[in-house]
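Record features, source TrEMBL:
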- B:6-22: transmembrane segment (TRANSMEM)
- B:34-55: transmembrane segment (TRANSMEM)
- B:61-86: transmembrane segment (TRANSMEM)
- B:93-116: transmembrane segment (TRANSMEM)
- B:136-158: transmembrane segment (TRANSMEM)
- B:189-208: transmembrane segment (TRANSMEM)
- B:214-235: transmembrane segment (TRANSMEM)
- B:242-261: transmembrane segment (TRANSMEM)
- B:267-286: transmembrane segment (TRANSMEM)
Amino acid sequence: MLKIRKRDEPWKWGALVVFLGALLFSLVLSALLLKGQGKDAMYGMTVLWQGSFGNVWSLEDVLLKAIPLFLCSLGVAVAFRMQIWNIGAEGQFALGAIGATWMALAFPDLPRFVLLPLMFIMAFILGGIWALIPAVLKLKLRVNEIISTLMLNYIAILLLDYLVFGVWKDPASFGFPMTPEFTAGAIIPGIAGSRVHWGIVFCVVVGIGLWAFMRFTRLGFELKASGEGARVARYAKIRYGMLVLLVMALSGGFAGWAGCVETSAILNRLQPSLMVGYGYTAIVVAWLARLEPLNIAFASFLLAALRVGVENMQLKLQIPAAFGTIMEGIILLTVLAGQFFLTYKLVRKPRQE
Amino acid sequence: MWDFLIPLFAATVQSGTPILYATLGEMMTEKGGVLNLGVEGMMAVSALAAFWASYVTGSPWLGFLAGGCAGMVMASLHAFVCVSCLGNQVVSGLALTILGGGLTHFLGVPYVGLAAPGFDPFNFPLLSQIPVLGDIFFKHDMLVYVSFVIPVLFWFFFKRTSLGLHVAATGEMPAAAAAAGLKPIRLRYFAVIAGGFLVGLGGAYLSLAYTHLWTNGLSGGRGWIAVALVIFAFWRPGRAVAGAYLFGGVMAFQLRLQAAGTHLPSSLLLMLPYLLTILVLILSAWRGRRIDAPAALGTNIEPEG
């Protein structure tokens, strides 16, 4: 008979073992799933690997997808740290894209060094506002933020649809729902002619900035303390309400930036195909990374690789992109279950009778 | 006027039915102290399972059952992760939604656009003869009639049976329940899995009665609405009925407006249910009845030792 016992000291490499275990488990399960669909599972896994890391082209693709994922996850993680469940990164991402597009369409003739900052500022503001709505509702009326942020995702996507099907539609697009292409000043350029753009440098700056903020400022300290719960925060004389607003504004602003980068650098215009679920994958990333900025960079890269790999499978095995989502779900569930072993262990129960 | 209202109310009942099943399912789960945010994904998977079973066997009833079972399977994942492994209930539910959405899109590919035998509306004997009420409530399919009975059973279960009282006890104070000789872990498993069955029936309704065709994205946020409605209903089945029909009404109204070809853009009309969800949460928060939530909702039972 096995008995559950609390660990006396933390399991040193536990988190990494659980993470790798979950990855392996999800690979095995998805191989089985492929087999069940009558596909060649081994070939599928090879295609997945080659698609993610096989050549420079795919590595570039991974980096490109890791950028919006990183920014969204950073935002999600900041909120989760305070035990505020912001599930609304997807909607805040959309609002960021809308804000950036608004500036790009309003001032097409401005030079790049003016227009791009304007776009980033507006993306942050709109993304932040989208996150502040549930924050205010939570503080003033104790409205559950999980559901309100989620509902705002649906509303944001419909708002985006409304804009690209209506007032912002390009008259020359033959009826396709998209805005006109941005002018050169509104587009984030590639680094030294490669496909990877300056957004990646932006990510590094934001990541280090957030890390320094959490580590060296009083607000950052208060934020971490509030993560222990509203009551602890009150003991420490922390203005909990103000912090919630700040954290949610940051959280939404980061996701908004992701939307801005993606619209400006990748699509060069606003269109519904922008919404590929980065905001939801960000939840997986943030949780896998245990909410730490450096881990988030690593986990974003891995999950971006998974997405690119699945695209390759889509092409070669004729399977839908949803395959990647299944793997994300399995990884997250397995990690959640596995984290049990970080605090507890199973020991053999001595026979007493 | 009546020519517009009676069909609208009838459509309200129909589109409220899947939400009603799902809301009661989530309510059952939460009564046991477990928050399951996976409803959206569970509904999607069970809609596909129901469609598949009905398509293969030709029996919509087997499809209905398969939907419920698919909901149970998904729910047991949640139960394992949260009840046995003490995983975070919020994140596990989200993971379930992510997984469910993926599975549905992946496994549903061969069935897109196909039709399966489903449930057709028929006039319920005698009761459909009642003026107005008969038209609104008793000219539907069999699953709607089943959904009339379930809230009553739900109420009876929690008020009059010992199992129901035990489940509610683990939702309130698992430690006290354990001290009284109950088995909180088992009871929580029961609440989550039984709730999953009801949610699954809601999913099955979507593919077997709401449409008879398979298309992706059938759940369309209904799972999340159900989660919100549990709060709105203060964990009481009677109010769940009212809430589900409120949403059914908005969805039916919005469809009718679109069909009538109003000048409002459809994307703005489509926002209505989601805006209403937020409004409903504000209203229930404003009434300030947090006390009605099961006291141990969202917290896991720590093992001793």
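Glycine is no exception: its Cβ is also placed from the backbone N, Cα and C atoms.
Counting same-chain residues at least six beyond the ends of the transmembrane segment (B:34-55), those with a Cβ under 8 angstroms from any Cβ of the stretch are 18, 22, 25-26, 62-71, 74-75, 78-79, 82-83, 89-90, 92-101, 103-104, 107-108, 111, 114, 116-118, 188, 191-192, 195-196, 199-204, 206-208, 214, 217-219, 221-224, 226-227, 297-298. Sequence-distant contacts of the transmembrane segment (B:267-286) (same chain, six or more residues past either end, CB-CB distance under 8 Å): 221, 224-225, 228-229, 231-232, 234, 243, 246-247, 250-251, 253-254, 257-258.
Ranked by number of Cβ pairs under 8 Å to the transmembrane segment (B:189-208), the listed stretches B:6-22, B:93-116, B:136-158, B:214-235, B:242-261 are led by B:6-22.
For the transmembrane segment (B:6-22), the neighbouring stretch richest in Cβ pairs under 8 Å, chosen from B:93-116, B:136-158, B:214-235, B:242-261, is B:242-261. If one looks beyond the transmembrane segment (B:242-261) by at least 6 residues along the same chain, the residues whose Cβ comes under 8 Å of a Cβ in the stretch are 8-9, 11-17, 19-20, 23, 225, 229, 232-233, 269-270, 272-273, 276-277, 280. The stretch with the most CB contacts under 8 Å to the transmembrane segment (B:61-86), chosen from B:93-116, B:136-158, B:214-235, is B:93-116. Long-range neighbours of the transmembrane segment (B:136-158) within the same chain, counting only residues 6 or more positions beyond its ends whose Cβ lies under 8 Å from a Cβ of the stretch, are 6, 9-10, 12-14, 17, 20-21, 24, 27-28, 31, 64, 118-124, 127-128, 130, 164-165, 167-168, 198, 201, 204-205, 208-209, 237-238, 240-241.
Within its own chain, the transmembrane segment (B:214-235) is flanked in space by residues 18-19, 22-23, 25-27, 30-31, 37-44, 47-48, 51, 97, 104-105, 108, 111-116, 199, 202-203, 206-207, 242-244, 247, 273-274, 277, 280-281, 283-284, 289, 292-294, which lie at least six positions past its ends and keep a Cβ under 8 Å from the stretch.
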